[in-house]
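These notes concern the structure reproduced below.
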């Protein structure tokens, strides 16, 4: 027996040294030393491991396994500081339900915005017929909507610190209700145009807060949520022309805005019941999200946004982007009818553009991830330019319709990608203000280029639209190249 034990010591010296360590640790002579060490540093220690004598039957020691030893070491050395406080805690079923309902209501805001913008292009020929206006006067619709968006972005910067998230959303939705109620009655043209400014102001306020809320949802799938949010805008752009084309062919064409009024009332009711006029922090916590860090000068949000070079570059990019998008969706129906000889049902082509935009915001997510969200915009812009050359030089109604749909497919993801870039390079407390500035000031493009198209078309015809689109898309690529790829270092 003794010889076998000595052999075990020679073949397994690690077990002998480990046994000596355990004996020294749990020996009664070392109790005083252990008590002194425990007073200096309190640590969690596992219960003493029982030592069994070597038996004649198996000649083995009942020692802790390697796995048990690792667990003891983790227990001894772990501390509260080892836990990352920034890691999101698991959400309760109630928080998950609140998060889904909140996200759905915000998606409906974007759907209504797309519904509003998608109807303009198909109703434009009928508006010209009813009010007997020229291209320039009809283009005032885009100017009015642009003014409303710009006013909404500035108002939002001052309104947010005062009213907060929930009340600002409710106020913006009420403005849309008022505008649609007036437009449904087919008022005189000046008042009809002013209503576009009112609804544009309301949507700009809601759009900023919806994007800001979703940008703060960091639990899972941030890019997918932002893409889904803007896909709902594309869904509204797609469905609206299908409905407004039917109203454009009947005497009561303005009843299209009764449908818009009903949707706006649904949105207002949902926002009031879900967010209950509460602040952003309260709504985020209720959804299981972490509120953004507060700034010491949050009351001067307007000044912070105005001093941000990144915010202005992103806004100028959105100017060019929305200029291209709204010009295509707003004038393509008239272009197809007057230049390519299309019929009254050409309004459905606008729905094809919107369908491409909506599909692009979902189906191209994997390409965005593969290529990189910053670099993929250059790829999409090159494809859009190619499609604009097809519209310019290929005198085919079907060819133009297909090219327009592919252009919409590539233009669709650009706005949510710009919002994601803002989230990466700007502080969290500025997001709502910056997104509002992008949405509002950026809407200048949605009026500037369509108005230029209408003004030039009055003298040279709508054949001038494709070259304008090509030039603006090239400018858009150049502006995106100036947008920083990483956050600016402080100090």
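Backbone N, Cα and C atoms are what each Cβ position is placed from, and that goes for glycine too.
According to TrEMBL, the protein has these features:
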type	residues	note
REGION	31-62	region 'Disordered'
TRANSMEM	98-115	transmembrane segment
DOMAIN	102-490	domain 'Major facilitator superfamily (MFS) profile'
TRANSMEM	135-155	transmembrane segment
TRANSMEM	162-182	transmembrane segment
TRANSMEM	188-205	transmembrane segment
TRANSMEM	226-247	transmembrane segment
TRANSMEM	253-275	transmembrane segment
TRANSMEM	313-337	transmembrane segment
TRANSMEM	349-367	transmembrane segment
TRANSMEM	376-395	transmembrane segment
TRANSMEM	401-419	transmembrane segment
TRANSMEM	431-452	transmembrane segment
TRANSMEM	464-483	transmembrane segment
Contact between the transmembrane segment (376-395) and the transmembrane segment (135-155) (3 or more Cβ pairs under 8 Å, separation 6+): no
Remote residues contacting the transmembrane segment (401-419) - C-beta distance under 8 A, at least 6 residues beyond either end: 211, 215, 226-227, 229-231, 234, 314, 317-318, 321-322, 324-325, 328-329, 332, 336, 349, 352-361, 364-365, 368, 373-374, 376-377, 380-381, 383-384, 387-388, 390-391, 394, 435, 438
Integer mean pLDDT for the domain 'Major facilitator superfamily (MFS) profile' (102-490): 86
Intrachain residues whose Cβ lies under 8 Å of the transmembrane segment (431-452), provided they are six or more past its termini: 136, 139-140, 142-147, 149-154, 156-157, 160, 165, 200, 204-205, 207-209, 211-212, 215-216, 280, 292, 301-302, 304-305, 308, 310-311, 314-327, 330-331, 418-419, 422-423, 468, 472
Long-range neighbours of the transmembrane segment (135-155), counting only residues six or more past its ends (CB under 8 A): 120, 124, 127-128, 172, 189, 193-194, 196-205, 208, 302, 326, 330, 436-444, 446-448, 450-451, 453-455, 457-458
Range from 98-115, 226-247, 349-367, 464-483 with most C-beta pairs under 8 A to the transmembrane segment (188-205): 98-115
Most Cβ pairs under 8 Å with the transmembrane segment (226-247), selected from 313-337, 349-367, 464-483: 349-367
Chain residues in Cβ proximity to the transmembrane segment (313-337) (below 8 Å; excluding those fewer than six residues from its ends, i.e. six or more beyond): 117-118, 120-122, 124-125, 142, 237, 343-344, 346-347, 349-350, 353-354, 357, 384, 397, 400-401, 404, 407-408, 411, 414-415, 418, 421-422, 434, 437-439, 441-450, 453-454, 457, 462, 465, 468-469, 472-473, 475-476, 479-480, 482-484
